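Structure first, commentary second.
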Amino acid sequence: MSKRLTPIHLPNSLNYPIEIASCLVPQGSYVKKGTPLLLYRFFTKVKEDQEDGSEVYVDREFVEQFECPVEGELVEWAVKKEESIENFSKIVAKLHEPCTHEVNYGGLCAICGKNITSQDYMGYSDMARANISMTHNTGDLTVSLEEASRLESENVKRLRQEKRLSLIVDLDQTIIHATVDPTVGEWMSDPGNVNYDVLRDVRSFNLQEGPSGYTSCYYIKFRPGLAQFLQKISELYELHIYTMGTKAYAKEVAKIIDPTGKLFQDRVLSRDDSGSLAQKSLRRLFPCDTSMVVVIDDRGDVWDWNPNLIKVVPYEFFVGIGDINSNFLAKSTPLPEQEQLIPLEIPKDEPDSVDEINEENEETPEYDSSNSSYAQDSSTIPEKTLLKDTFLQNREALEEQNKERVTALELQKSERPLAKQQNALLEDEGKPTPSHTLLHNRDHELERLEKVLKDIHAVYYEEENDISSRSGNHKHANVGLIIPKMKQKVLKGCRLLFSGVIPLGVDVLSSDIAKWAMSFGAEVVLDFSVPPTHLIAAKIRTEKVKKAVSMGNIKVVKLNWLTESLSQWKRLPESDYLLYPSYDLPDRNLSEHSYSSSSDDEQRISELNDRELDEIDWQAADQDVENALKDLSDDNDFDTGSISASQSQPEALEVNTPIKRKADLIQPSYNYDGEKRRKENDNHEGYDLLPNSSTKGEESAENENELDDLADIMEAELSKDTA
């Protein structure tokens, strides 16, 4: 067996180019660390004083010695006398070391026991040779690149023999959901509570939070089907836990989901040992070879959208709690809830709520985490700059964030958000029934995820067998290439435009939902200048929705068409997710008057919407108009409900329709044609929101007059408020 030799390089800090002046140690000699190995010369300009008192720069030759940075037998000189060396990449000698200190534990070589923390005057330290951490449960144990490569090669060989891959599993909102709200414990002990049945399989444990002795009771809900999922997938994958929770938290959760320790064993990595307080990296566990590693996580950003990642839909059982360990991470923006079509025609004699009648803006409001103050990414916890240094170098930062985390947990326990939400639900809906439960077991993500993981495993070993069958081929299949190839097929050819999905102030192409969609082959566009194939709409009344419907060749679908397609890794039929159940609207319903963004009437209404209709005092506006009309007519030509033309009437008030309230504002653009729909399809539940078909004749003219007059009144009111 040949000796493993250590190459010796000159420092990068030398004044290159240099010339070897002399080799001081004979080949075959044993040298100690710090022994002079060679002399080298170099030339540089120096300043010298002249006889006349002036100073000039002249070239001078200097000779220095280079000392051996390691201990061992000098097996081979790689340079000779008078040889010129241009940079530090040149190997000058090769030594055989008795110990290469490739495994470091707490500053000591784990092989020979030598202290390797010392550093010489050139900045060299044996600690730098073993700086790769690849174990799960401690950051104090590090290895060299060569040792890491050897260990991984052995692991890869074992997995291929077992026909398995490696699977990194996130905990919070991926396979479990956690809370410290004591309301859960009270509901679990009350058989009469409406949430009692869905809490039967919730587990709990007490955990001391840091050195303060503060204790929290955690309630853990398994994602439906978790036990079967882990058991089946463990036959195809070796399982690893990688969480941003604390080490104590990760161990307790691992005990609950794997009580025998058979599935995960000691392969549990927490943020305490991960080397980063805000990011996750495959290189932390697999520094040399990630070709057999798959990741499942509800957050793509913490992995920088690694090609080995399978992003799952976040599991939200405890409503509004979010990720209990996310205060270390950058804030994530939740997707908006899908706005539903209103099934009944609005009675004209009843006032409408703002949400029902006010046409929505194109984008969702800026995300305000204060609306979910019990989630760990809430405004009670300052957003942190991403920290990339190791835990050992950031103990103070870690301690500070742990204190903030404890503060957030205390807030969640004292505020009892689940109890507040359940009480609000019962107040809204009346007498408690099973349908009034706040918590629900309706998640099927693990079923879909199991199928995806099985498909990836099958494709990997199919490719691996194909490659190995070719003689002389030393390549192997790569999950990092297989997963993107499979994903790109799902939405290939789809150009997506979003409406009401991405909050204001968030760059569309940098948003999680856009990156997720693009990783599946979709193209994301910003407007209609590049015609989209799909409009993904979370809100039913936006300019983009109207324009897309009027164009006729764009599929206007709900947000869950996209999220479920991404979750299932297949393009689901759009017909099941159309924003309007009867999408193929007649051409007469898509008239320019109803939809065209260039329509003067619609433009004026849109402008008024942009100026916050909710701030208008409608009663005061009505009263002002009535007072103005009374002042203009001494003969009572006008009644209080409508205005008729008169020769003495100013041109600005020549209207012949009743004064409209805010509820009537959207009628020229949309109406609820429920009666007609019921006759067309008796089996159809609810009613469709249809464009107003009144585009010609007397009714159209009346509508146009209504819009003109209403716009004038509203603009006058806004001007008065502004003044």
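Cβ from N, Cα, C; glycine included.
Quick look at what Swiss-Prot annotates:
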DOMAIN    160-341  domain 'FCP1 homology'
ACT_SITE  ASP170  active site
ACT_SITE  ASP172  active site
REGION    345-380  region 'Disordered'
COMPBIAS  352-366  compositional bias 'Acidic residues'
COMPBIAS  367-379  compositional bias 'Low complexity'
DOMAIN    486-579  domain 'BRCT'
REGION    631-723  region 'Disordered'
COMPBIAS  673-687  compositional bias 'Basic and acidic residues'
COMPBIAS  700-715  compositional bias 'Acidic residues'
Specify the count of other C-beta atoms within 10 Å of the C-beta of ASP170 (active site).
23
Within the domain 'BRCT' (486-579), residues counted as helix, strand or coil by DSSP:
35 helix, 17 strand, 42 coil
Tertiary neighbours of ASP172 (active site) (same chain, Cβ under 8 Å, six or more apart):
ALA178, THR243, MET244, GLY245, ASP298, ASP323, ILE324, ASN325, SER326
Summarise the model's confidence over the domain 'FCP1 homology' (160-341) as a mean pLDDT value.
89
